[in-house]
Structures are given as C-alpha cells and as structure tokens.
Amino acid sequence: STKSVLLLFAAMSSYLLIVKSELPGAVAGFLSGDESGSWYLDGRLLLLITSVCVVFPLALLPKIGFLGYTSSLSFFFMVYFALVIMIKKWSIPCPLPLNSAIETFQVSNSTGDCKAKLFHLSKESAYAIPTMAFSFLCHTSVLPIYCELQSPSKSRMQNVTVTGIGLSFLIYFVSALFGYLTFYDKVDSELLQGYSRYLPHDTVIMTVKVAILFAVLLTVPLIHFPARKAVLMVFFSHLPVSWICHILVTLTLNTIVVLFAMYVPDIKNVFGVVGSTTSTCLLFVYPGLFYLKLSREDFLSPQKLGACALVIFGICVGLLSLVLIIFNWIDQ
C-alpha cells in the first residue's frame, strides 16, 4: 500500500506538472499582444486555481463509478491529441528551421537529422523503460473498478483490463511515433512544447492544449481515488468511516500533490525515478513474487520460470535505470 501511495502521488504530480507548464501557453495563445507578467499567465497560480475548482471537488466523490464518465471524456481528448500529432507531422518541415530567437531549443539544418533510427542510445535512454512502466501501471485501480462492476467476475475484469491497456497502447504508440517522426532527435520530454515553439499561434495546436489539459484534470481525481483508499487503509483503518476523515485525507493529499507539482522543474524526473523504483516493483517484481508464493506448481514449470524471469527483469531494469538517472543528475 505504501508503494501504491508513492506511485499514485507521483502520477498525480506528473499530471499537474503538465497543467503548470501548458496552461499558461494555452491562455496566452488566446490573447493578443504581450501580456507577460500577468497573474493569469503564472503557471503555479493557474495550477492552484484549477486544482481547487476542478480536481478537489471531483476527488471528494465517494465512489469511482461516476469518474468513469469523466475518464471516457478524457480518453476522447487523448484520441484527438493523437490525431492532431499525426496530421501536424506534415506541417513542420525537416530539417527544422533555424531560429535565432529560440535560445533554449538547439536545432540543426542537417538533413542527416531527418532519418529515423530504430534504436538511439544516449544518457536519456535511462528514462525510457521507467516511463513506459509508469504509463501502463493501472494495478492500483483494479480492485475499486472490480468492486463497482455490474456482476463482477474474473472474465469481465479481464475484458476491462485488456480493452483499457490496448486503447492506451494504441494512443501512446501513435503519439510517440509521429512525434518522433516530426522532431527526431530534437523531440522534447513534453511533446506539445515542440509544437508550441514552431507553431505558436496555430489554432488546432491551441485546441489540443486545451483538450489535453481537460484530460489531465479529469484523470487526476481518478488516480486520487485509490491513493486515498490506500492511505485510509494504512493509517486510519482503526477509525470508523466518516465524511470528516474522508474530506481531511482528500484535502491533505491534494495539497501535498499540488505543492510538489509547483516546485518540480521537469516531468521526466518524476517519471524516471518513480518508474525505476515503485513502477518496476508493482509491474514486474511483485506479480512474479506473488505467483511464486501462491502457485503450487513445480518450480521448473514454464509458469514459475516465467515468473522468475519477470522478477529478475524488473530488478535489473529498475536498478540500472535508477543508477543511470542518478549519474545523469550528477553529470548535469
């Protein structure tokens, strides 16, 4: 439960980091003239306002069922995002145009930069597998969703899981593929920031920003639900169920997450560290260990050997990624 809380805490923080970094640009895109310094372009203030007005009220809901509607809406927003990424691949030329006004985005006019590489290893590669592990980790929501299914059964839950992960993979794959084929080695850790630099006043990109922001804001309460459940089980299981405890835990969790999102500079640091520690444990190590513990099959059976391989793979990937990330920090 403690690892689940840490994972969900990091997931909520990473989503709110997107709000902090993208919302000011989305607001500025709809304004004319230079209004830098205005309060409504301050990412931290906008994050606080949206958290209080949107995230906290939805997080207070006692059951996860209603959040299924908001989750469906955010899924369609993500589909729109993926479609626009596909279309805009042909709107940004390669080689990327040189622009002296852009100081933080080093570009090149070499045609060699426009060739896709099947594998490209660098110090940033340490973030790849942890980020993917982080993205596909939905274990913490399985039990609450199962409990609220109509006629819960193993087969129905399996259908929900396969459908959810399959659709998520499709959107992730399309977005990542066409994002890479647009920027190649210059792709940013936050994909939309690259489009903002080269298509700063594009109406479609601005609508995508708004759609992503809504998707993120509607997803945070969904992640908050199992996080609150885990906190209540770990720290307050001896107390009777009450609305006061429910509200206080919700408020405390949201406050910590918002403060964390306000002061973390880069989203990849959250994905990298949490992905290489808690995500690899929950995704690879623990399922393998549980199977080895509960199964009565012979140790040399294919299933148990597969479980052992899963445990070893998770430990190796987690440790290697964490060490490389720490060395990358030291190097910087």
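If you go along the chain as it appears here, the first residue is 1 and each next one adds 1.
Each residue, glycine too, has its Cβ placed from N, Cα and C.
Just so you know, TrEMBL annotations are computer predictions that nobody has curated.
For 1-21, the entry in TrEMBL reads signal peptide. If one looks beyond the signal peptide (1-21) by at least 6 residues along the same chain, the residues whose Cβ comes under 8 Å of a Cβ in the stretch are 43-44, 46-47, 50-51, 55, 134, 137, 139-140, 190, 193, 212-213, 216-217, 219-220, 223-224, 226-227, 230-231, 233-234, 253, 256-258, 260-262, 264, 267, 270-271, 273-274, 278-279, 281-282.
Residues or ranges marked as domain 'Amino acid transporter transmembrane' in TrEMBL: 6-327.
The feature transmembrane segment is assigned by TrEMBL to 45-61 (among others). Residues 16, 19-20, 23-24, 27, 39, 67, 70, 217-218, 220-221, 224-225, 228, 246-247, 250-251, 253-254, 258, 261-262 of the same chain lie 6 or more positions beyond the ends of the transmembrane segment (45-61) yet place their CB under 8 Å from a CB of it.
Counting same-chain residues at least six beyond the ends of the transmembrane segment (66-87), those with a Cβ under 8 angstroms from any Cβ of the stretch are 58, 167, 171, 174-175, 178-179, 182, 191, 204-205, 208, 211-212, 214-216, 218-219, 221-222, 225. For 66-87 (among others), the entry in TrEMBL reads transmembrane segment.
Annotation source TrEMBL lists transmembrane segment at 127-147 (among others).
Tertiary proximity for the transmembrane segment (159-183) is limited to same-chain residues at least six positions away from its ends with a CB under 8 Å from its CB atoms, namely 75, 78-79, 81-82, 85-86, 88-89, 92, 94, 96, 116, 135-136, 138, 142, 145, 149, 191, 194. As annotated by TrEMBL, transmembrane segment applies to 159-183 (among others).
Feature annotation from TrEMBL assigns transmembrane segment to 203-223 (among others).
As annotated by TrEMBL, transmembrane segment applies to 243-264 (among others).
The annotation transmembrane segment is assigned in TrEMBL to 270-292 (among others).
Taken from TrEMBL, the feature transmembrane segment covers 304-330 (among others).
Residues 9, 12-14, 16-17, 19-20, 44, 47-48, 51, 55-56, 59-60, 62, 224, 227-228, 231-232, 236, 270 of the same chain, all 6+ positions outside the transmembrane segment (243-264), place their C-beta atoms under 8 angstroms from a C-beta of that stretch.
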